[in-house]
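According to TrEMBL, the feature GTP binding site maps to Arg18, Arg67, Thr98, Lys159, Arg263, Val264, Arg265. Among the features that TrEMBL reports, [4Fe-4S] cluster 1 binding site is placed at Cys25, Cys29, Cys32. Residues or ranges marked as S-adenosyl-L-methionine binding site by TrEMBL: Tyr31, Gly71, Ser122, Met193. The annotation [4Fe-4S] cluster 2 binding site is assigned in TrEMBL to Cys258, Cys261, Cys275. Taken from TrEMBL, the feature domain 'Radical SAM core' applies to 9-220.
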Amino acid sequence: MSERVLVDGFSRRVDYLRMSVTDRCDFRCVYCMAEDMQFLPRQRVLTLEEIYQVAQSFVALGTRKIRLTGGEPLIRPGVVQLCQQIAALPGLRELCMTTNGSQLARLADPLFEAGVKRLNISLDCLDPQRFRELTRTGELAQVIKGIDAANKAGFRNTKLNCVVMKGRNDHEINDLVSFAIDRNLDISFIEEMPLGTIHEHSRAEAFFSSAQVREKIAERYTLIESAESTQGPSRYWRLAEAPHIRLGFISPHSHNFCGTCNRVRLTVEGRLLLCLGNEHAVDLKAVLRSHPGQPERLEHAIIEAMKLKPYRHHFEVNDDVQVVRFMNMTGG
Ligand code: SAM
Ligand code: SF4
């Protein structure tokens, strides 16, 4: 039998799926959620079994990499078992997870044993009080414990994700780089994206570009541009002083990665989003629930959905909300 692959209308092969396993979170990061978030009622959220079925269909259609995200994926009960099931799907090369790290002290070992290959851990600052302000509920010491537990459990190529905001954490950039060097972690700096309405700060005023982040880093280190790519919005650099780690710069406002985009996202409600910055979507939950036990119906819907994938996204740097959903609905 010939290999099955998903290809969109622009001949891009889609082999990377990000799945949000919950919209809930134990943190309320200022750029991600409102303080008084309303979460979805349970019946609107995919069950773990439904999430597994979607993963199974995507892998049958040639998906090589799946990333679980949220909300905070590690606060959904049963998530370790879900990881174990997905990691065992034949043909999948890599199951990864993006987490805030709050539960890793407890779960790093079981996740590693379940077959999760790589972790991205969010960390925006190293000052406990500022960490609390940015996350509203988070405890820095717990996250650092989690990062150390991940290293100890055997995770390699762990990456820190850091959203940079002018006046909030831009002065900590080099401390974060030095933290990453000491613990042998890659680190990515992310420009804030206009997802959902927030009142904490003006996104336009807090905007801190990847180029500005590199200028700061150049005050302490020698940056060397690298040709490495993951077909996503990251560009990579290395440091002459610490070549063992990789620095990524995620500039969602730029378009130069759209041409090679290989990814789609599944929201916690089962909507398949074809592009993070657009509303093109297909309701896979409706397909799953109206045709239970018929994976061929799900696969057909996924193949058809590829035709809707737009060529590029449309973010602008201002305070208008261009995409109404919050990041916790879609996963970063
Ligand atoms: N809770 C997990 C975490 O924080 O890593 C996973 C979900 S979180 C939505 C995924 C990533 O999206 C995090 O690294 C977070 O910093 C990033 N993120 C959330 N809102 C964002 C925004 N408005 N702009 C840019 N990145 C954002
Ligand atoms: Fe939670 Fe992650 Fe959003 Fe922070 S960025 S509120 S940790 S989902």
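Don't overthink the numbers, they just go from 1 along the chain as shown.
Positions of Cβ are set from backbone N, Cα and C atoms, glycine also.
Because TrEMBL annotations are produced automatically, they should be read as predictions rather than curated entries.
The separation of Cys25 ([4Fe-4S] cluster 1 binding site) from Thr98 (GTP binding site), Cα to Cα, is 13 Å. Spatial neighbours are here defined as Cα atoms within 10 angstroms of one another, and by that definition Gly71 (S-adenosyl-L-methionine binding site) has no neighbours among the binding-site residues Arg263, Val264, Arg265, Cys275. Distances between the Cα of Cys275 ([4Fe-4S] cluster 2 binding site) and those of the binding-site residues Arg18, Arg67, Lys159 are shortest for Arg18. Taking the Cα atom of each, Tyr31 (S-adenosyl-L-methionine binding site) and Cys25 ([4Fe-4S] cluster 1 binding site) are about 14 angstrom apart. For Arg263 (GTP binding site), other Cβ atoms within 10 Å of its Cβ number 21.
Checking the binding-site residues Lys159, Met193, Cys261, Val264, Arg265 against ligand 2, none has a C-beta less than 6 Å from an atom of that molecule. On the backbone, the CA of Arg67 (GTP binding site) and the CA of Ser122 (S-adenosyl-L-methionine binding site) stand 14 Å apart. Ranked by CA distance from Lys159 (GTP binding site), the binding-site residues Cys25, Cys29, Ser122 have Ser122 at the top as the closest.
When the Cα of Met193 (S-adenosyl-L-methionine binding site) is compared against those of the binding-site residues Cys32, Val264, Arg265, the shortest separation belongs to Cys32. Cα to Cα, Arg265 (GTP binding site) and Cys32 ([4Fe-4S] cluster 1 binding site) are separated by 17 Å. Among the binding-site residues Arg18, Tyr31, Arg67, Met193, Arg263, Val264, the ones whose Cβ sits under 6 Å from an atom of ligand 1 are, in sequence order, Tyr31, Met193. For the S-adenosyl-L-methionine site listed in the record, the two most distant Cα atoms among Tyr31, Gly71, Ser122, Met193 lie 16 Å apart.
Taking the Cα atom of each, Cys32 ([4Fe-4S] cluster 1 binding site) and Ser122 (S-adenosyl-L-methionine binding site) are about 12 angstrom apart. Summary of the [4Fe-4S] cluster 2 site environment: with the site residues Cys258, Cys261, Cys275 set aside, the chain residues having Cβ atoms within 8 Å of the Cβ mean position are Phe257, Leu276, Gly277, Lys309, Pro310, Tyr311, Arg312, His313.
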